[in-house]
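J.: Sequence annotations record features per position, and here Swiss-Prot assigns active site to Asp46, Glu118 based on sequence analysis. Positions annotated as Mg(2+) binding site by Swiss-Prot, on the basis of sequence analysis: Glu42, Asp115, Glu118. Annotated domain 'RNase III' per Swiss-Prot: 7-129, in sequence order, evidence recorded as sequence analysis. Taken from Swiss-Prot, the feature domain 'DRBM' applies to 155-225, supported by sequence analysis.
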Amino acid sequence: MEPIKNIPRLCRTLGYEFTEQAFLDQALTHRSASNKHNERLEFLGDSILSIVISDALYHQFPTATEGDLSRMRATLVCGKMLAEIAIEFKLGDYLKLGPGELKSGGFRRESILADAVEAIIGAIYLDSEIEKCRSLVLKWYESRLKVIEPINQKDPKTLLQEHLQKFRKPLPVYKVVHTEGDAHEQTFTVECIVEDLSQAVVGVASSRRKAEQSAAAQVLELMKK
């Protein structure tokens, strides 16, 4: 496997110098490029990210309910947020993708970018230890933790349901109208049907749940107009 270029620059951006660069190389390698890809590291990093953010929120909001803490954590560790961090790090410049993913613009795909951030967290853990991961993750999330609040953390589907119930309207209907791609990299197209709108609103994402949330968010925006 060819070495990934400009690794020293990426390490400066991350704020961490790897003892074993092989961990970072693997974290940046998509399954389309090699059998030694980043999915196991992603699994590890996902768990570490969850505990670090959970711990930070628990201490930052001593009076918040379990529901509020869960919603804030979901906001902070969601694919969209992780992809934003990846873009800040310019991770797309360093990813190793197979020819098909390169051609289709995989270095810009939210799910691939988000997975790479989690894989890097897993790689840092294996190269060092949990406390180093904690300090780095908290540094990466510093500005986001400063502005997160327990209020307004309900997801779009919940907000839409509550809005319709308030006005005694029928609940929305979500319908998967199309799926595309291999099992590990599927794209879901979901329609959200609401009585007050003349046509269904469509959401597209890497999972059914995310596609439903995307469609619900669009419906909420339309109902504000």
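Backbone N, Cα and C atoms are what each Cβ position is placed from, and that goes for glycine too.
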J.: Least buried of the recorded positions Glu42, Asp46, Asp115, Glu118, going by other Cβ atoms within 10 Å?
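T.: Checked Glu42, Asp46, Asp115, Glu118; of these recorded positions, fewest Cβ neighbours within 10 Å: Asp46.
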J.: Pull the DSSP breakdown for the domain 'DRBM' (155-225) and write it out as helix, strand, coil residue counts.
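T.: Going through the domain 'DRBM' (155-225) residue by residue, I get 31 helix, 20 strand, 20 coil.
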J.: May I have the list of same-chain residues other than Glu42, Asp115, Glu118 whose Cβ is within 8 Å of the Cβ centroid of the recorded Mg(2+) site, in sequence order?
T.: Asn38, Glu39, Leu41, Phe43, Gly45, Asp46, Leu82, Ala114, Ala116, Val117, Ala119, Gly122
J.: Could you tell me which three-state DSSP class Glu118 (active site) falls into?
T.: helix
J.: Across the domain 'RNase III' (7-129), what are the DSSP residue counts per state (helix, strand, coil)?
T.: 88 helix, 2 strand, 33 coil
